[in-house]
């Protein structure tokens, strides 16, 4: 194994990132070193790349970016008993304390002291990466690395879609970015019908149809509320899944959901949002879920089973694959322009 490796690093508090050469790290107690087989870009990585207000408040350069990963264990640190060299793993990227009030009530996904790979510590946009053994998830040997790397964001989509009953229920999804596309795949695999997607990008509307959306609408050209009402004979949808983080999409979705329906919110809004709670939520008796992270480890079992079932239509979602990191800037700029689904790097070019 080489002593040096390439990594995409946030080297300074400014727009962009750099491809650097650094030492291959050594695992400490309770840690393993993985050879990164595949790693995908998340919206969080894009925020860090763009150096928005959230990134400025959270990230401390220099730091290796990235957290969605599939890899092979190549070295085991002291005290690790459940993993060995050669194990094929993905990683739960939220490192929880296990001691806070939430953790002691089995709500690990909302641990009050959560640390995140590639956010609070070095990440996985590299040839090799250190991960805590307790955060490893063993993958079936025949799972493609690009699928295995997507399990972490798929967990977000699964928790959003499956926060309540979905089979046979009319569903509106706002936002067909990478997470929204995963949400469409999960909703269709879980029996939702019809699945209606509101998305302004023509590129992503076409992707949504490929993944399985029954109807798509451009909210900049048509009123999505009227669109939904026409399809549902005026009833509105049973389920509203918000992936966009757009305040207007939230308002439209709340208007389009039927009284007594269910709402799951995953998209992060850029600012405080003003909503008519009385008329859009309280008087409609809506069931509203805020979604963050993944339930440990129930969601991982669900995600793995869905992938192995063959029912998830993931191939159209993975629109760009890169061997190595040489074109990482191109990948990020395409994502910024909304011209991708999921982007996956395969760090080892061979």
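Start at 1 and count along the chain as shown; that gives each residue its number.
Even glycines carry a Cβ here, placed using N, Cα and C.
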Looking at Swiss-Prot, 199, 204, 266, 267, 268, 291, 292 are annotated for NAD(+). Which of 179, 182, 312 sits in that same site? 179
Quick note, residue 68 (Zn(2+) 1 binding site) and residue 268 (NAD(+) binding site): C-alpha atoms separated, nearest Å, by 19
With the cut-off set at 10 Å between Cβ atoms, which of these binding-site residues ends up with the most neighbours? Options: 100, 103. 103
For the recorded Zn(2+) 1 site, enumerate neighbouring residues of the same chain (Cβ within 8 Å of the Cβ centroid of 42, 67, 68, site residues themselves excluded), in sequence order. 39, 40, 41, 44, 45, 66, 69, 93, 117, 118, 123, 124, 152, 153
Candidates 111, 179, 266, 291, 292 (binding-site residues) passing the 10 Å Cα cutoff around residue 42 (Zn(2+) 1 binding site) are 179
